[in-house]
Amino acid sequence: MGGPRAWALLCLGLLLPGGGAAWSIGAAPFSGRRNWCSYVVTRTISCHVQNGTYLQRVLQNCPWPMSCPGSSYRTVVRPTYKVMYKIVTAREWRCCPGHSGVSCEEASSASLEPMWSGSTMRRMALRPTAFSGCLNCSKVSELTERLKVLEAKMTMLTVIEQPVPPTPATPEDPAPLWGPPPAQGSPGDGGLQDQVGAWGLPGPTGPKGDAGSRGPMGMRGPPGPQGPPGSPGRAGAVGTPGERGPPGPPGPPGPPGPPAPVGPPHARISQHGDPLLSNTFTETNNHWPQGPTGPPGPPGPMGPPGPPGPTGVPGSPGHIGPPGPTGPKGISGHPGEKGERGLRGEPGPQGSAGQRGEPGPKGDPGEKSHWGEGLHQLREALKILAERVLILETMIGLYEPELGSGAGPAGTGTPSLLRGKRGGHATNYRIVAPRSRDERG
């Protein structure tokens, strides 16, 4: 994109006296501003970043004018926040080496004009260093500086070159105009409107953060003392009746009963038998014919039992009868009183050793430590950052010899690297290296 005229103007600017010094507008009242130099400072700030959500129980108010019998709750999804630490780089203006004071006008007597330039400082940071492979926090600053240089180079490559007015005295061939690269000095003197204003009033206090998350559950406490014995239980239900027992032996004979009353006259006929059957007739004085025999009368009461007869010959033993049916279960009685405790028995002989049991199931895996996981993620991030920095340096060609240094042929290097706008300010970039700890807001 750069033509021969642009290269010629650049070489003429280098040949002018004071070309490697700081830029200056030339105004006498602001000549002290050339002693100011820019420095890159790094700060670590904290910020809240949302990290998931959690459920929160919120008490609902009673919609009725009267008091409600119970409390009601509703579940609300609340965001969870954590604190992230960011490393922010900023540019500050301070006195150049050899100058001091409020306006950087006092020069030290023992110090001379500084011999370094902006390109020299960048050249010191562009030297590749051997990566040791130890991804710890000591390499963060080195990677940050290298990445910062890469971003500055990329910004210069993407800047659109503004048209340069034609200069008739410039040669067409830029090859003979070799020389050291131009040095970028400190920014030029600013006008009155560029003076730093007074600090403003502090801002209002921010809103109160959300309540923190609930802490982890505590450890289980020791078991409490044994309580007093409980009251005795109620009496049990009545059991089913028991089986029916066998029949008892016959009882002894009872005493003789009272004598029976005398029966009717026809009862005495039965003692001598029926006259028709026994061939006996009763003489009667009347000659009337005998009528039919009436129905028999009711049986008389049982007479007294006779005396017991002699004991008979004992009979042969009978066959054993089948067992009777099982009777219903009897009612269970009340439990008796608890007896006294017996004497302790002698210990028995020691038994033989049993067989070895099967191994138990494998336990659950333990929880991983949060510190180890975060350290591993930090190492992976540093490793990826180091690889990307090396790839970018290789693609841009930062380690090729500079134009005019004599280490390479003419025309090498990237001409558009030096297209920085004179008097312009470089864009501030921030490099973030997260280092978090969880917090709920």
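Note: Cβ is positioned from N, Cα and C throughout, glycine not excepted.
In the disulfide annotation of Swiss-Prot, Cys104 is paired with Cys95 out of the candidates Cys95, Cys96. Thr42 is the residue among Thr42, Thr89, Thr129 that Swiss-Prot labels O-linked glycosylation site. Among Cys11, Cys68, Cys96, the one Swiss-Prot lists as the disulfide partner of Cys37 is Cys96. Residue counts for the compositional bias 'Pro residues' (222-231) by DSSP state, with H, G and I taken as helix and E and B as strand, are 0 helix, 0 strand, 10 coil. Residues 326-332, 334 of the same chain lie 6 or more positions beyond the ends of the compositional bias 'Low complexity' (232-243) yet place their CB under 8 Å from a CB of it. Between Asn51 (N-linked glycosylation site) and Thr42 (O-linked glycosylation site), the C-alpha separation comes to 26 Å.
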